[in-house]
Every structure is written in C-alpha cells, then in structure tokens.
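Visitor: When I checked Swiss-Prot for this same protein, it listed these features:
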ACT_SITE  Cys9  active site, phosphocysteine intermediate
DOMAIN    3-96  domain 'PTS EIIB type-2'
MOD_RES   Cys9  phosphocysteine
Amino acid sequence: MTVRILAVCGNGQGSSMIMKMKVDQFLTQSNIDHTVNSCAVGEYKSELSGADIIIASTHMAGEITVTGNKYVVGVRNMLSPADFGPKLLKVIKEHFPQDVK
C-alpha cells in the first residue's frame, strides 16, 4: 500500500504546490512509499477519497474535518521539512507502518 498525502492551501496554486514538492522530496529521502497531490481548502472534500493524510498550515488545518482512517497534520512552516517532517513521519509510522521501507 502507498500512503496518500494531500497538501492543502488557500487557493491550491501557491503554497500547496510547493509543499507538495517538499513533502515528496522528504518522503522519498525517508524511504516512504507515497503519492502527493495538492488542492485548495475549498476542494479538499472532493479529494478525500484519494488521500490518507491531509497536510496544511495550522490555521487552515482547523477548518479541515476528516473521518475514518484519515488524518490531518497542521504545520507552522509548510515549506520546512524540519517542521512538517517529524509530524508527518509520526502519523505515517503510527498509522501506515507498512509504507515505511
């Protein structure tokens, strides 16, 4: 199985696109089987079926609701692996250990 990440920002064109690339690089270097997509906060509900983890800024993460085996990771600096990396790895190792190589 591959853990599916969805990067979310206000309009889906700026921060989430860059965050998508940063998360992809980080997870590749961390040997995690993954896919990463991005969208605007207003579109995340239509993208939920293809995501296991939603990653967004802390203020936006509070607006995102998920159920079942889906998780939201709120980060202060969406572009810094030093900020999002440990939080994302914690969720992956706890809930998706089969994707850690």
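Every residue, even glycine, has its Cβ placed from backbone N, Cα and C.
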Visitor: What does the DSSP secondary structure composition of the domain 'PTS EIIB type-2' (3-96) look like, as residue counts for helix, strand and coil?
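Guide: The counts are 44 helix, 25 strand, 25 coil.
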Visitor: Which whole number is the mean pLDDT over the domain 'PTS EIIB type-2' (3-96)?
Guide: 93
Visitor: Name, in the order they occur in the sequence, the residues of the same chain whose CB lies under 8 A from the CB of Cys9 (active site, phosphocysteine intermediate) and which sit 6 or more residues away.
Guide: Ser15, Ser16, Met19, Ser38, Ala40, Val41, Ala56, Ser57, Met60, Met78
